[in-house]
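As structure tokens, the structure follows; a few thoughts come after it.
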Amino acid sequence: MIFQIFSALLIGFLIAFAAIPFLIGYLTSRGEVGVERSGKHGFGVDTSGKNGTPSMGGVTFILSSLFATLIVMFLFRLDSLNIIFFIVSFLSFGLIGLIDDALKVFYHRDEGFRFIPKLIAQIISAALITIILVAVHIPDKLTFPFFRALPLYFLVQFIFYLVWFVGWSNAANFVDGIDGLLAGIALLIFAGYGIIGIKENQNLMVIFDFSVVGSLLAYFIFNRPKAKIFMGDCGSMALGAGMAINAIFLQHPWSLLWFGLILALDTTSVMIQVLVYHFFHVRVFPVAPLQHSFQRAGWSEWKIDSLFWTIQLIITMIGVFVWIK
């Protein structure tokens, strides 16, 4: 298994590392880059220094992760239809984000994919994945923390998994926005689930997760502050869906509330901010999502990244330790 993990890491890294400079050069040469319309971002932070930075970098680690997974499966003669879950999850939500990015980058529509059409597309993708899960793999029981497994009827199961995919793909999208932040957090989450997969003898899941880790390591080289490329919605939404399929594949979806705690808190801060301001015209946080509050307070992106990565590392280590024990 160690050699398979190393192969997944290395192949994912090499493919992404080779592809990213090509994408940066292609988008830059065409002038198809993200440009801030003013010196101040919507969060009240000066981001004019990011003008001219290409986006859509998520395409590289999505494809490199999947290619690496398939290559390792072929090399080690691993045959499993379960790969369908990971491919459909990663590609479908990545495609939705890619459409959003393309509208912004190539057609210069600031809002990209409008909210309602985007939500409908997410629901359709989540429904497709859920139907496959319910029909092929996942048992009709749901494990709750500190409670026995409860039976799930099809409709309840369908709604739960649908909400899970849509929710986590958007949660990852909220966290993206500071150079390197989501890439580092996601890398640790996928590494954690990969280690758990070893304990649970889920070889395919292990290969997929470490293919993602290798691809993200390569992407991080180009995305760390000051970023040479942004992942865009295609990357963030695919990562969120990938986290969700990991938790569901282990038949412990609630585990993602721990491993994805930063994502959950970030999303909660946005919901609280919007609701309280709507009804009482008061802002609970200086800015939401939370990372931008630190940014407005004058923290550098490296300092914010270091704080969030350290917290995520602790969360991941505790989660893996508790699971293994």
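Using N, Cα and C of the backbone, Cβ positions are placed for all residues, glycine too.
Among the features that Swiss-Prot reports, transmembrane segment is placed at 5-25, 56-76, 83-103, 119-139, 149-169, 178-198, 203-223, 228-250, 304-324, with the record citing sequence analysis.
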For the transmembrane segment (304-324) and the transmembrane segment (178-198), decide whether they are in contact, meaning at least 3 CB pairs lie under 8 A, counting pairs 6 or more apart in sequence.
yes
Where else in the chain does the transmembrane segment (83-103) make close Cβ contacts, counting only residues six or more beyond its ends and a cut-off under 8 Å?
55-56, 58-59, 62, 65-66, 69-70, 73, 109, 112-113, 118, 121-122, 125, 128-129, 132-133, 136-137, 165, 169, 173, 204-205, 208, 232-238, 240-242, 244-245, 249
In the same chain, who gets a Cβ under 8 Å from the transmembrane segment (228-250) while lying at least 6 residues past its ends?
20, 23-24, 34, 53-59, 61-62, 82, 85-86, 89-98, 100-101, 105, 112-113, 122, 125, 129, 133, 137-138, 161, 164-165, 167-173, 175-176, 179, 182-183, 186, 189-190, 193, 196-197, 200, 202, 205, 209, 212, 219, 222, 256, 259-260, 263
